[in-house]
Amino acid sequence: MKFIVKLFPEIMMKSKPVRMRFTKMLETNIRNVLKKVDETAKVQRQWDKIMVMVPDDRPDLVEAFAERLACIPGIAHVLQVNVSTFTTVDDIYQQTLVAYKEQLAGKTFCVRVKRAGKHDFNSIEVERYVGGGLNQFTEAAGVRLKNPDMTVHLEIDNDNLYLIDKRIEGLGGFPMATQEDVLSLISGGFDSGVSSYQFIKRGSRTHYCFFNLGGDQHEIGVKQVAYHLWQKYGESHKVKFISVPFDPVVQEILERIDNGQMGVILKRMMMRAATRVAQKMGIQALVTGEAMGQVSSQTLTNLNVIDRCTEQLILRPLIAMDKQDIINISRQIGTEDFAKSIPEYCGVISQKPTVKAVLAKVEAEEAKFSEDLLDRVIADAEIIDIKEIATQMDTKITATETVDAISAGEIIIDVRAPEEEEKSPLELDGVEVKAIPFFKLATQFADLDKEKNYLLYCDRGVMSKLQALYLQEQGYNNVKVYRP
């Protein structure tokens with residue numbers, strides 16, 4: 001079994017040197033991701049595609065490879081194929097007949113062939129020969145060239161025949177790290193998660209800057225979002241997660257700033273702090289999830305005033321998107337459930353926000369801040385490799401709270417997303433297993449029997465640890481992490 005990785009069309013349009021560079025980087029990215037699934041993963045770059053080989057003795061890797069390839073930027077689509085050699089057109093037909101005879105029963109069909117190399121036949125001749133044979137010697141309902149029930153896809157590359165078993169749509173975009181790095185201001189909500197994803201997809205290593213306004217619980221939730229985005233879409237490269245303690249800034253805003261200017265000034269302070277972080281990291285651009293008119297600070301007038309506080313490029317990929325479209329994308333990329341459980345902190349500090357801020361007035365209000373305020377919060381910022389989020393949870397959750405065995409009376413809570421739990425349900429003899437997705441656990445845990453002990457489970461142990469830490473912050477001492 002092999003996968004044929006087809007490049008995103010915009011890559012194919014590049015000049016030869018750029019195209020080669022992008023293809024090499026995509027090959028490396030694929031190898032980096034798949035080696036985390038299996039160390040023996042083999043990836044081979046060709047001019048217009050990349051081949052991924054699955055060992056014949058490891059059919060269990062097919063689905064895992066397919067899932068990972070579908071989430072790597074730079075891929076248009078992936079073809080899951082069975083590979084063989086052929087000698088004649090009739091040989092191609094005979095192999096196709098064996099592969100598709102049962103599937104064609106009672107269905108209309110057509111045959112589509114792509115060919116590369118030197119042959120004494122063309123693609124249309126193969127389509128006619130194979131299609132005619134299948135129509136005559138199978139129980140198919142007949143040939144239909146437009147809107148058939150089934151299309152038999154074949155690819156011929158010199159003397160190799162690829163019988164296409166499945167087509168998997170890719171993420172599109174450019175390979176990771178073909179574009180410059182960006183620093184995404186992430187709050188954990190719908191918008192910042194989607195805007196971060198847009199730049200990952202476009203080929204930028206996306207680092208995360210979080211302004212903590214809500215304490216440890218807020219930070220835990222946002223780290224889950226950032227870790228999910230990195231693990232699913234950007235795992236081929238290292239990125240940083242920066243947490244800036246912004247409660248001193250909020251406190252001074254509440255004490256010293258005119259109520260109507262609070263929202264705009266808070267955003268300006270965030271941009272100033274993010275600019276300093278970006279400059280330290282050698283990053284040229286900031287990314288935000290702002291959409292025009294969505295809230296009071298996001299009118300064109302206010303966005304203009306916000307941008308005046310920094311010379312750093314501020315990118316807003318969602319600027320003209322509707323909220324529902326943003327939510328739909330968040331659902332597709334798996335951040336919707338996180339966002340639902342994280343409150344919006346920025347909006348609570350101003351009761352009557354202005355929609356037409358005046359720069360001079362804003363600057364006059366900002367003069368009331370302590371001179372060293374930003375210096376202090378930047379000095380206290382925590383910068384970690386995003387992979388360390390899992391390690392951090394290990395250090396905060398003691399050894400007695402992480403177990404690999406289940407005691408009598410303990411209950412397992414499977415915190416995986418519903419689709420993951422349904423795909424491979426956790427079944428243990430003599431043990432009660434409750435399926436409560438991570439995004440519902442915070443609200444449903446209080447309804448559980450307080451006399452019982454609960455063990456949280458997920459595939460990699462990251463989400464279960466984050467949820468355990470969150471519940472412990474809430475005062476629950478009857479929760480542990482289950483790592484079999």
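Every residue, even glycine, has its Cβ placed from backbone N, Cα and C.
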Q) To which of Lys166, Lys201, Lys267, Lys280 does Swiss-Prot also attribute binding of ATP at the site defined by Leu185, Ile186, Gly289, Gln298? A) Lys267
**Q.** CB contacts for Lys267 (ATP binding site) [other CB atoms within 10 A, all chains]
**A.** 23
Q | Among the ATP-binding set Leu185, Ile186, Lys267, Gly289, Gln298, as the record gives it, the longest Cα-Cα distance in Å | A | 16
(Q) If I restrict to non-local contacts, at least six residues apart, and a C-beta distance under 8 angstroms, what lies near Cys458 (active site, cysteine persulfide intermediate) in its own chain? (A) Asp414, Val415, Arg416, Phe438, Ser464
Q | Cβ neighbour count within 10 Å of Gln298 (ATP binding site) | A | 21
Q.
Validating a neighbour-count step here. Other CB atoms within 10 A of the CB of Leu185 (ATP binding site): how many?
A. 25
Q) Among all the protein chains here, how many other CB atoms are within 10 A of the CB of Gly289 (ATP binding site)? A) 25
Q. Taking DSSP three-state, what's Gly289 (ATP binding site) in: helix, strand or coil?
A. coil
Q. If you draw a 10 Å sphere around the Cβ of Ile186 (ATP binding site), how many other Cβ atoms fall inside it, taking every protein chain shown into account?
A. 27
